[in-house]
Amino acid sequence: LECTMDAFLCLTSAYFPKWRRGHQTYKRTLVLLDNLNIRDTHSIFFRSLADRGFDLSFKTADDPSLSLIKYGQFLYDHLIIFSPSVEDFGGNINVETITSFIDGGGNVLVAAGSDIGDPLRELGSECGIEFDEEKTAVIDHHHYDVSDPGEHTLIVADPENLLKAPTIVGNPSDKPILFKGVGMVADPDNPLVLDILTGSSTSYSYFPDRPISQYPHAVGKNTLLIAGLQARNNARVVFSGSLYFFSDAFFNSAVQKATPGSQRYAQTGNMELAEALSQWVFKEAGVLRVGAVTHHPVGESTPPAAYTITDLVEYSVVIEKLSKGSWVPFDGKDIQLEFVRIDPFVRTYLKKNGDKYSVQFKLPDVYGVFQFKVDYNRLGYTHLYSSTQVSVRPLQHTQYDRFIPSAFPYYASVFSMMGGLFVFSIVFLHMKEKEKSD
Amino acid sequence: MAEHHSVSDSKHKASAVNIGASLSGNGRSSPAGTVGSSPTGALSTGIAQPAGWQSLLSFTILFLAWLAGFSARLFAVIRFESIIHEFDPWFNYRSTHHLTINGFYDFLNWFDDRAWYPLGRIVGGTVYPGLMVTAGLIHYVLNLLHITVHIRDVCVFLAPVFSGLTSISTFLLTRELWNQGAGLLAACFIAIVPGYISRSVAGSFDNEGIAIFALQFTYYLWVKSVKTGSVFWAIGCCLSYFYMVSAWGGYVFIINLIPLHVFVLLLMQRYSRRVYIAYSTFYIVGLVLSMQIPFVGFQPIRTSEHMAAAGVFALLQAYAFLQYLKDRLTRQEFQTLFFLGVSLAAGAVFLTVIYLTYTGRSTLYAKIHIPIIASVSEHQPTTWVSFFFDLHILVCTFPAGLWFCIKNINDERVFVALYAISAVYFAGVMVRLMLTLTPVVCMLSAIAFSSVFEHYLGDDMKRESPPIEDSSDEDDKRNSGNLYDKAGKVRKHVSEQEKTEEGLGPNIKSIVTMLMLMLLMMFAVHCTWVTSNAYSSPSVVLASYNNDGSRNILDDFREAYYWLRQNTEEQARVMSWWDYGYQIAGMANRTTLVDNNTWNNSHIALVGKAMSSNESAAYEIMRSLDVDYVLIIFGGVIGYSGDDINKFLWMVRIAEGEHPKEIRESDYFTPQGEFRVDKAGSPILLNCLMYKMSYYRFGEMQLDFRTPPGFDRTRNTEIGNKDIKLKHLEEAFTSEHWLVRIYKVKKEENRDPLVHSPRSSSSRQKYTSKKVQDPPRFSNGEL
């Protein structure tokens, strides 16, 4: 019995039909704002989204008509929350609906600030990210911008501190990033959270207007300025501690560290980073999927009911990547196939072969229920997982070698015995007659 | 039926001389046999008619025994329905089903990927196929005759039908050992004795059901071949032995008992050509045949259990060779040769014994040292009560029969004595081996009863018999060829007692006879009672009785298994303790991790470890085994004592055997060394997966007003952990009486919220504390 179980593909089944319906539908985006002014102060960012085909609906966060889900269907595919100070969402949106939106495959971009309200902190903790308290800010006395009024909260983040993942943060550039807002921390053991942008080693998070009486919530590189989450269903969430980060002002301002002798840049790196982040979080970049999986013994074209041990098997899988709205074959050098029965018995690289990745290998000399597993988990890409269960049976009674050399003595003994008995019978009968005649 | 005729016919032809004696014995033991009163001298005239009566009588008695045995086994079918019982029969049924649908070769090569996930099981190579093939063959023949029977019904009724064949082969064997009267008694005994019924009620589709027939029939043919010394009977014995090997692992008993018999015969100076021919043929042909069963394979030439047979074979050849040499050589030469041979043999035996001691591992060893074998209740030592329960009066009378046999010893009575002694020993070691004791107890008891009846039911025969017996007595010692059927022992008995018996009045005779008949009657009543009350429960369906005698059927098991079958994915993998593996596979048709074929201890230990760990550790194990559902049995609501909590310590022990670092049995006891599920129980027990699954939401349930909520009726305590929260599992199904509970293993969470991490508490605190404007959040030193 062979069965294919794509237990959890890159796309959940609920989400899958939407991809087919065309671009318009899967780019429906709800934007929640503190006030509608933000639409103008962050117009560059929104325009770039609109230019890329996103269908943006702007609402204030406390709009009583807000709704994400209707009749069990999501009304939007993406959610942008640019309303740091919201204390209660309007309509039927609350933290719970947002988390179920994420669990249903929706993507969320959250920008906070020092005036962060409870709902966003709660949303963060649901995603494994802990925001610092309201009124705190990330402070860095060594890396602040020259235009900082004196609290040292307008931070110039070094692009060195960006996550080394081009699909998420775009191509490397040396332009510093301007940041002003609240800090975050994440549990380093949490495998889903990505530290997209961290503070420098001299940064910390505290109330800028109070003397430090307690150990700060976040210190040094642990301070997260921008964090991301790719959930197990591949829904993506990005938290930025700073709403200003996305503002036109920050996009266009010049930046220079206050330390003497530092270089002045005419423009911040915010725009490029924001664009790359939005591409990643709204699944324009780094999206993979598994297509057809085929496996069969070499020389045949269909899989048998059960493989036999030490069969030579060919396995192939189609892996595609979303590029500008269409699926194209993915080009990866490090995709591995495992043949697993609790532990992997075979682990081998898949080689690109036309549109497919395939490999031929010999099944182990062990019977049982195995799985062909492709588990491709790379930073910035969707978690690609495909498992196909097959049975590997021992030899049938007709499949054993019949004429092995070590059996020849036995064959010889059998035939010599038969011959001997025959001769003996003749002799015996003959003798008897003789005796009688005597 | 044809068998009866031919067998009894041949018997009469073979031993015409004996007819007088055996006939009269038989006549005495049965009320209808009054014809037997004619004196032996007058046999020539009346022989035709009594022989006819005798065959008719034997035939009728055997037929009635078959019928009685068959009917007694139908309690379960009448009370419940035509259903397969217990655990192992479900597997046998499933594989028989596979056999009938896919044919023999597919069955032989069947690799079952739904058992022992993900290891799989080679069914064809790990079963004794005799049972399935027998049932499949019957089904095939019936269908060929257009009698369309479902294979389930064939399976259900197979064991009762075979009990009739067992009766007949017991009759044949006892007749060879003693006489026809004893044979008929033995046939009646074995038909209804509870020790055998326990494994052969309708629905109990298990190997033992047909194996006891094969066992008795093999012994019959063996005795026959020893008596006749003919290759024909020996080959028959081999074929029957082959059937036995294909049916049950208990064939090892045969392959040790027969060599033991031969060996003892050699020791007793009873070596003869007949023994030589019988054993040489049996050993060689039997060995080759037994190796044809894939499950047995090369074991007969490798394992220590079979070495005795090989050793005796060699010894017998050597002995025969020496006998031959003795005729050819001078005394001096012979002595030198003998001395040389003996010292070589002694050396070889010594080395073999050492080798076997180091490599051999019998079930007895395993029983003591491997918890999984010790955990099976069938492997516990037998109590005295169960001897009486299963055998009743027979257990008291069979030593008498044994005594009669030993007193009038000959080749085949040596055999039955060895059979009795070894079977008693093994039955004392393990409850399940009571089954091998039962037939020999029936035979020997029948001999005892038959002798007593012969004594006290007849009167004028005794004085006439001694002359005949005297003449045969000497033959008996030297050459026990023809006269076996004579009531030889009776003769001696009679001659000794002759003087005293003169004084036995008709009163004493009738009192003794009445007493014996009373005993037999009580035996029959006891057998029926035990069969009806103890051995006819399918254990898949439970019954309880109300105060007014009405009956409640608790069908929770099937309810749950059908739920699984209907509501889960085809490929869903169900984890349960191994007892329920066969039933899940058979009734729910779902993949199981472990089942009653406990061949892989470490896999079972892994399941035991999951059951006895806390929930998150168990979740790791369950994920690595791709478990979708967990099934447990919980008896706390109805007071069912065979539930998983009561078996739980075995899971812990088995898990500890493989994972001594993580699981320790002592952790599950209170400091006082008690196993308690109430508040005083050990915290590790109160938080392990099995406890949580058993008692999940049980704390909310109040069974009646006299007890607090969460009162466990099986253990009669209020449970200690009533507020059970499950994180990685969710309740999927609980049967009507909570007997079966099924949990679904949740997928990994989509996100990892902070609650999981150590800082989670501080983050929660922070939210509350924030309102109070007191930031204790820095106090934990989280960084």
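Yeah, the Cβs are placed from backbone N, Cα and C, and that goes for glycine too.
Automated prediction, rather than curation, is the source of TrEMBL annotations.
Sequence annotations record features per position, and here TrEMBL assigns transmembrane segment to B:56-78 (among others).
What TrEMBL records for B:57-444 is domain 'Oligosaccharyl transferase STT3 N-terminal'.
The feature transmembrane segment is assigned by TrEMBL to B:122-142 (among others).
Feature annotation from TrEMBL assigns transmembrane segment to B:154-174 (among others).
According to TrEMBL, the feature transmembrane segment maps to B:180-198 (among others).
Only residues 6 or more beyond the boundaries of the transmembrane segment (B:219-242), in the same chain, are considered here, and those with a CB under 8 A from a CB of the stretch are 169, 172-173, 176-177, 251, 254-255, 258, 261, 272-275, 277-278, 281-282, 285-286, 289-290, 292, 411-412, 415, 419, 480-481, 484. Residues annotated as transmembrane segment in TrEMBL: B:219-242 (among others).
The feature transmembrane segment is assigned by TrEMBL to B:248-268 (among others).
The transmembrane segment annotation in TrEMBL covers B:275-295 (among others).
Residues or ranges marked as transmembrane segment in TrEMBL: B:307-325 (among others).
Sequence annotations record features per position, and here TrEMBL assigns transmembrane segment to B:337-358 (among others).
Residues 177-178, 189, 193-195, 198, 413, 416-417, 420, 427, 431, 434, 437-438, 440-449, 451, 489, 493, 519-520, 522-523, 526-527, 530, 534 of the same chain lie 6+ residues outside the transmembrane segment (B:384-406) yet bring a C-beta within less than 8 angstroms of a C-beta in it. As annotated by TrEMBL, transmembrane segment applies to B:384-406 (among others).
TrEMBL lists B:413-431 (among others) with the feature transmembrane segment.
Sequence annotations record features per position, and here TrEMBL assigns region 'Disordered' to B:464-483 (among others).
Taken from TrEMBL, the feature domain 'STT3/PglB/AglB core' covers B:573-630. DSSP assignment over the domain 'STT3/PglB/AglB core' (B:573-630) gives 33 helix, 8 strand, 17 coil.
Residues or ranges marked as region 'Disordered' in TrEMBL: B:751-783 (among others).
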Which one of these stretches, B:56-78, B:180-198, B:275-295, B:307-325, B:413-431, has the most C-beta pairs shorter than 8 Å to the transmembrane segment (B:248-268)?
B:307-325
Does the transmembrane segment (B:180-198) reach the transmembrane segment (B:56-78), going by 3 or more CB pairs under 8 Å (6 or more apart in sequence)?
yes
Would the transmembrane segment (B:275-295) and the transmembrane segment (B:122-142) count as touching if the test is at least 3 Cβ pairs under 8 Å, pairs 6 or more apart?
yes
Beyond the flanks of the transmembrane segment (B:337-358) by at least 6 residues, Cβ under 8 Å
304, 307, 311, 318, 322, 325, 329
Using a Cβ-Cβ cut-off of under 8 Å, list the residues of the same chain that are 6+ residues beyond the ends of the transmembrane segment (B:154-174) and lie near it.
3-4, 7, 58, 62, 65-67, 69-70, 73-74, 77, 82-84, 89, 92-93, 96, 131, 134-135, 138-139, 142, 182-191, 196-197, 199-206, 209-210, 212-213, 216-217, 219-220, 223, 439, 442-443, 446-447
Determine which residues of the chain contact the transmembrane segment (B:307-325) at the Cβ level, with the cut-off under 8 Å and only residues 6 or more beyond its ends counted.
255-256, 258-260, 262-263, 266, 271, 275-276, 279-280, 283-284, 287, 300-301, 334, 337-338, 341, 345, 349, 352, 356
